[in-house]
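Now, the feature entries from TrEMBL:
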REPEAT    81-122  repeat 'WD'
REPEAT    123-165  repeat 'WD'
REPEAT    166-207  repeat 'WD'
REPEAT    208-249  repeat 'WD'
REPEAT    250-291  repeat 'WD'
REPEAT    292-333  repeat 'WD'
REPEAT    334-375  repeat 'WD'
REPEAT    376-408  repeat 'WD'
């Protein structure tokens with residue numbers, strides 16, 4: 001049994017197989033009565049026996065502590081890392097923020113210790129740009145790298161050794177994702193297909209075919225039974241991860257897709273497009289339930305908060321917006337950047353937003369009022385990537401100035 005943000009993951013054995021089940025705690029607050037909540041969970045979940053109740057209560061109290069922390073945290077520059085000789089492509093944090101990875105045009109991925117800024121491993125072996133990178137969070141013991149050399153490699157965080165090289169795509173790999181159970185890795189390619197790979201044996205499980213242009217966005221839902229792909233063909237497709245079959249295609253955007261993802265409870269899908277809109281879809285039937293408008297230029301990124309109650313959109317028009325998922329109305333507009341915003345994300349507590357822009361700054365905003373809380377300055381070129389760690393007390397920014405900055 002372990003805790004993730006706003007939920008508890010149960011691990012149990014059934015017929016000799018290890019299985020997982022998640023209990024969502026999306027309405028948890030610092031004021032919630034933990035004893036009453038545990039009783040409620042026990043009624044609904046037979047796996048939580050009387051002997052486990054105290055352990056669950058402890059996990060809930062840990063989550064409540066996290067919710068109360070870091071909400072008004074001011075960030076200071078901790079380290080500047082000149083990570084690679086050639087330009088960076090992407091950065092990614094592990095769950096705790098104790099280490100992070102960088103991908104580069106120099107054909108390597110590097111693993112870094114966040115606290116010291118020391119390089120732990122250089123993952124070498126790709127024959128072209130390392131573009132897509134990810135940890136298998138929440139476990140964090142493996143790394144996947146997707147390259148313009150058409151292959152994906154799976155690595156050990158501990159040793160830096162390569163477990164498998166996944167071959168089969170006929171063009172560049174530009175996106176990838178682990179399933180939540182960390183049994184599969186999915187890759188999306190310029191060859192118009194996505195592929196699912198078995199982490200254990202290194203074999204291809206399925207090829208997802210149906211798009212007529214490049215796949216540039218790909219993610220699993222939190223249950224791991226669905227995968228979503230966004231394409232330059234203006235469509236988004238939802239697939240059954242257990243069979244590789246197409247469930248439905250979301251048709252409605254009139255330009256390339258920039259982002260596609262599920263909310264936490266897998267009930268909604270959010271898609272962002274170069275057509276200046278985001279669309280909200282019912283994940284059970286694939287029907288569009290709302291079109292979120294207001295931006296004057298392409299949507300470059302979009303996200304849900306951890307509860308799925310708020311939606312944030314970032315645009316090439318230099319602004320970001322926050323919408324209510326329930327009313328589909330715009331709550332606030334984030335104005336202040338002097339260039340396009342390519343990245344946006346909520347902190348785990350859901351009260352702050354982080355944006356990265358071509359104006360060389362990252363900004364932290366109040367998610368409800370839209371007020372700029374802090375400007376993270378110092379990069380000398382466009383910021384293409386920025387992220388909070390799991391606690392919300394560390395930020396990493398990656399820039400075209402070829403440096404990563406750690407803020408804490």
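Heads up, the Cβ atoms here are built off N, Cα and C, so glycines get one too.
Across all of the repeat 'WD' (334-375), the predicted model scores a mean pLDDT of 96. At the 8 Å Cβ threshold, with sequence separation of at least 6, the repeat 'WD' (81-122) comes into contact with the repeat 'WD' (376-408) through 3 or more pairs.
Within the same chain, residues 5-6, 66-67, 69-71, 74-75, 297, 300-307, 309-310, 312-322, 381-388, 390-392, 395, 397, 399, 401 sit at least 6 positions outside the repeat 'WD' (334-375) and bring their C-beta atoms closer than 8 Å to a C-beta of that stretch.
Secondary structure of the repeat 'WD' (123-165), assigned with DSSP and counted as helix (H, G, I), strand (E, B) and coil, comes to 0 helix, 22 strand, 21 coil.
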